[in-house]
Amino acid sequence: MGKEKIHISIVVIGHVDSGKSTTTGHLIYKLGGIDKRVIERFEKEAAEMNKRSFKYAWVLDKLKAERERGITIDIALWKFETTKYSCTVIDAPGHRDFIKNMITGTSQADCAVLIIDSTTGVFQAGISKDGQTREHALLAFTLGVKQMICCCNKMDATTPKYSKSRYDEIVKEVSSYLKKVGYNPDKVPFVPISGFEGDNMIERSSNLDWYKGPTLLEALDQINEPKRPSDKPLHLPLQDVYKIGGIGTVPVGRVETGVIKPGMVVTFGPTGLTTEVKSVEVHHESLLEALPGDNVGFNVKNVAVKDLKRGYVASNSKDDPAKEAANFTAQVIIMNHPGQISNGYAPVLDCHTSHIAVKFAEIQTKIDRRSGKELEAAPKFLKNGDAGFVKMIPTKPMVVETFAQYPPLGRFAVRDMRQTVAVGVIKSVEKKEPTGAKVTKAAIKKK
C-alpha cells in the first residue's frame, strides 16, 4: 500500500431524473469499495425483478433502501477512488432531507458534480425558473462549495446520438446560469457522458471524439486540493454524550476545526463548563491528536453526563473558546415557504448539531441574492425566492459562529412544516460572557 490518498467529499446534484443514481452508481461500481459478492447478489436480484434497465442505479437504490431500513451500511460503499483522491459521495440528493443534510451535514463537500439530462425537453424543465438544478447549484455555492464539475449526461440518447450541437447548446445555457449563481463557468469542466453506457466516465469514448476535454474521472482528479482547517482554533460540536462504565463521561462529535488532544483544557459553549481532556479515541483507538473531519469520542474528567448536551461545542479554553450567542445576523434565502416571513417568525434552526427555535427579530434588508445589492431597507416581509439580512435571537442558549471564521458552524437550515424553508449564512455574532460557569479541579490544576 502506498501513501494514503487525500480524502475529498463530493455532492452530486441535479434534477430528479437526470441520471444521478446511474452515474454515481456507475462510478462506485467501477471504482468503488463494493465487494464483488455483494454486486453479484444485487445483479441477481435486479435480473429477477427485470430491473436491467436500471443498469447501475440499483447499486444506489439498494444502498438507500438498506439505509432507510436503518441498516447502517458500511460507508465504504459510498466511496470510490481516483488516481489522486479517495472520494466519498455525500448523501445523494432527491432525498427529502437533502438540503438539511447538505447544511448541517456531517461533511462539507469539496466539489459539486452537476448532472444534466441532455435529451430534449427534459433539459429545459431541469433548468427552468423553478428547476431543482438551479436551486441545488445556488445552494452549493451559498454553502461554500466552490468547485463544480458539470456532466452532460444521456449523450447516448440525444437526437442524433452523441450530438455535439446539443452539447454546445447546454454548455452555453448552463454557463449563463452558473455565472448568475456565482460560479466562474470558465473554471467548470463540461464533460459529455453516458452514465448508462459508460461513455467518458472512466475511459475516453470514440462516440464523442469531437470532445477534447477530460473524462469525468480525469476531471475529478483535477479538483484543487482542499485546505483543511486544522490551523484554526478547536471547534467540535457534540453529537451525543455517553456514560461509559469504568471510563466516565464521553462526549462524541466531529472535529470541525482545529485539533483536540489529551491534556488539553476545553470549554464547552454555551455554558462555559471547562475541564481537561483525558483521552481521545477514533474507532476505539487512542490518538495523540484528532484532526478536522475525525469523528471522535473523548473522555472528560469530573463532568456529569447531564452537564453536556447534543449541540454544545467543545473548544480550546485558551484560544477563542465557544460562547453563547446573544443574537446574530445572517444572510437568509427563502426556499420553499408557502407564505410570507415577517418579524417575530420563530422556526427551528438546524445549525451544526444543534436544533433550536430562533426568532427572526428584525428583517434588516432585502437583497438581490446574486449580486448582494440592497433592494429594500426594513422590508415588511420576505417570501419565496427572496434573500435578506436578518437579525436573529435564539430562544435557548446556543453556539453559532460566522461562516467566514468557522464555516460548519456558520450555515444553517430553517425548518418549518417538516421541510427546509430557508437556508442561511451567518455574517456576525454578538456573544454573551458565561456567568458562574463550572471549572473542574482537573482544569484548575492545568492552569
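Residue 1 is the first one shown; counting continues down the chain.
Every residue gets a Cβ built from N, Cα and C, even glycine.
Database features (Swiss-Prot):
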- 14-21, 91-95, 153-156: GTP binding site (BINDING)
- 5-230: domain 'tr-type G' (DOMAIN)
- K55: N6,N6-dimethyllysine (MOD_RES)
- K79: N6,N6,N6-trimethyllysine (MOD_RES)
- K187: N6,N6,N6-trimethyllysine (MOD_RES)
- K261: N6-methyllysine (MOD_RES)
- E289: 5-glutamyl glycerylphosphorylethanolamine (MOD_RES)
- K306: N6,N6,N6-trimethyllysine (MOD_RES)
- E362: 5-glutamyl glycerylphosphorylethanolamine (MOD_RES)
- K396: N6,N6,N6-trimethyllysine (MOD_RES)
- 14-21: region 'G1' (REGION)
- 70-74: region 'G2' (REGION)
- 91-94: region 'G3' (REGION)
- 153-156: region 'G4' (REGION)
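In terms of C-alpha distance, the listed recorded positions G14, D17, M155, E289, E362 place E289 closest to K306 (N6,N6,N6-trimethyllysine). In the shown protein chains, 26 other C-beta atoms lie within 10 A of the C-beta of K20 (GTP binding site). Across the region 'G1' (14-21), DSSP helix (H, G, I), strand (E, B) and coil residues number 2 helix, 1 strand, 5 coil. Considering only the binding-site residues G14, D17, K20, the residue whose Cα is spatially closest to the Cα of K79 (N6,N6,N6-trimethyllysine) is K20. Sequence-distant contacts of K187 (N6,N6,N6-trimethyllysine), defined by Cβ-Cβ distance under 8 angstroms and a gap of at least six in the same chain, are Q147. Taking the Cα of E289 (5-glutamyl glycerylphosphorylethanolamine) as the reference point, the closest of the recorded positions K20, K261, K396 is K261.
Considering only the binding-site residues G14, D17, M155, K261 (N6-methyllysine) has G14 as its nearest partner by CA-CA distance. Here the CA atom of E362 (5-glutamyl glycerylphosphorylethanolamine) lies 40 Å from the CA atom of K20 (GTP binding site). Confidence in the domain 'tr-type G' (5-230), given as mean pLDDT, stands at 77. A 10 Å cutoff on Cβ-Cβ distances gives M155 (GTP binding site) a total of 28 other Cβ atoms nearby, all chains included. Taking H, G and I as helix, E and B as strand and the rest as coil, DSSP gives the region 'G4' (153-156) the counts 2 helix, 1 strand, 1 coil. Neighbour list (K396 (N6,N6,N6-trimethyllysine), Cβ cut-off 8 Å, at least 6 residues apart, same chain): I356, A357.
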